[in-house]
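Record features (TrEMBL):
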ACT_SITE  C361  active site, nucleophile
BINDING   D262, D308  S-adenosyl-L-methionine binding site
DOMAIN    145-432  domain 'SAM-dependent MTase RsmB/NOP-type'
Amino acid sequence: MTPAARLAAAIDIVNAIAADRRPASEVLKEWGRGHRFAGSGDRAAIAALVYDVERRKASSAFLMGAEEGRALALGALKLARGLDVAAIAALCDGSRFAPAPLSEDERQRLETGSLDGAPAHVAGDYPEWLDTGLAAVFGEARAAEGQALAERAPLDLRVNTLKADPAKATEALAHLNPSATDWSPLALRIGFEADGKAHSLTAEPAFIKGQVEIQDEGSQIAAILAAPPRGGQVLDLCAGGGGKTLELAALMDNAGQLYAYDSDMRRLAPIHERLQRAGVRNVQVRTPRKAADVIGDLEGRMDLVLVDAPCTGTGTWRRNPDAKWRIRPGALAERQRDQIEVLDAAVRFVKPGGRIAYVTCSLLDEENGGQIRAFLARHPDFHVVPVEDTVLALGERGIRLKQAALVSPEGLLLTPRRTGTDGFFVSVLARAA
Ligand SMILES: C[S@@+](CC[C@H](N)C(=O)[O-])C[C@H]1O[C@@H](n2cnc3c(N)ncnc32)[C@H](O)[C@@H]1O
């Protein structure tokens with residue numbers, strides 16, 4: 001397919017995403033099934049374009065004065081890809097399979113239009129109803145935070161110290177130019193390709209051998225700050241597919257006992273294969289069984305319970321740019337109820353003097369500091385471990401991290417703008433001894 005035909009396809013797909021309110025990944029898959037002539041290179045380029053359009057929907061609509069797919073795609077070519085009007089016009093030459101030529105109005109907007117005077121939710125490309133919530137956390141910086149969340153995310157890897165060290169993993173992946181990052185000593189970062197296409201890391205021998213895992217640096221930091229004690233008893237209460245379980249096991253050096261539970265057995269399923277690949281030996285997976293209390297025996301015994309809570313995922317918009325336009329107030333209320341339930345459930349497992357590490361990938365106070373304040377009111381035998389103590393798990397880097405992150409009395413918030421990571425909130429709560 002020509003670049004122009006790919007653009008025309010992306011415009012159709014963006015229109016379909018908006019019409020059906022369905023995830024971009026589903027619509028892209030369906031499009032691929034219906035257009036067998038498109039090769040894998042075409043599909044990857046179209047997907048990258050669609051995601052770039054989704055990143056900048058609000059600002060593109062403002063720039064172009066219209067909301068349909070064509071306007072959004074033209075706006076994104078300028079705002080997300082930095083193309084000038086001549087380059088955009090060359091893609092819209094009206095030939096067979098290409099989008100129609102630019103109108104005079106489109107040409108002018110692309111040439112001289114700007115985001116001057118745009119409200120914060122437009123300049124920051126997030127849904128208007130979240131403006132109050134983001135203003136409460138970031139104040140005047142909310143548009144800039146939104147812009148950073150609208151950028152593409154690099155591919156972050158975590159070196160699995162049970163099988164490799166950063167030098168060995170760097171050597172194995174040298175052809176991808178991995179670089180070290182600012183905070184996590186376990187992280188290797190791989191920049192994106194110029195056209196936004198993803199690397200197929202899962203085909204790399206270093207991945208297949210379990211030397212590296214795909215994990216955003218923010219997520220890596222969250223597990224490090226949870227500080228699982230070597231030789232201790234740890235429960236990962238919302239283990240899901242095991243991203244943080246694997247890291248906790250490595251941080252514990254395969255010693256002590258780590259229990260992995262999730263109320264949804266389908267989410268937990270991939271963990272078995274991942275644990276094997278990573279060479280983890282100190283994890284017991286506890287799969288839920290209808291009414292049976294499969295973790296009842298852990299009551300009052302844990303040094304640490306990690307609550308990697310279900311949340312709106314507002315901190316991960318770089319990786320799921322279409323998700324930000326689908327999120328609804330009802331979903332936020334539902335996640336808040338889940339968070340209360342899982343935080344309260346965690347309490348019974350914590351031994352006196354033990355800790356809960358509460359983590360979300362949300363930026364909203366309702367899911368972060370607000371949940372912690374309400375928790376402390378319900379459970380006065382807990383207190384927040386001060387952030388200056390929590391960051392010591394990262395040594396010298398932790399002191400710098402505290403300066404870069406947004407620190408509140410309840411915990412620490414990482415954001416793409418502040419720390420170059422996905423958005424993550426971490427709060428450590430200690431139980432009276
Ligand atoms: C953010 S995800 C976990 C991601 C995972 N820890 C990782 O690092 O890959 C949140 C998980 O919480 C689980 N969950 C929701 N409510 C729960 C509950 N009451 N008890 C245990 N798990 C719960 C969900 O099924 C979901 O898998």
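Don't overthink the numbers, they just go from 1 along the chain as shown.
The backbone N, Cα and C atoms fix where each Cβ goes, and this holds for glycine too.
Unlike curated entries, TrEMBL annotations are predicted automatically.
Distribution of TrEMBL features across the structure.
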{"residue": "D262", "record": "S-adenosyl-L-methionine binding site", "DSSP (3 states)": "coil"}
{"residue": "D308", "record": "S-adenosyl-L-methionine binding site", "DSSP (3 states)": "strand"}
{"residue": "C361", "record": "active site, nucleophile", "DSSP (3 states)": "coil"}
Non-local Cβ contacts of C361 (active site, nucleophile) (under 8 Å, 6 or more apart, same chain)? G218, S219, C311, G313, T314, G315, T316, D422, G423, F424, F425
What mean pLDDT score does the domain 'SAM-dependent MTase RsmB/NOP-type' (145-432) have in the model? 96
For D308 (S-adenosyl-L-methionine binding site), list the number of other Cβ atoms lying within 10 Å of its Cβ atom. 25
One finds that other Cβ atoms within 10 Å of the Cβ of D262 (S-adenosyl-L-methionine binding site) number exactly 24
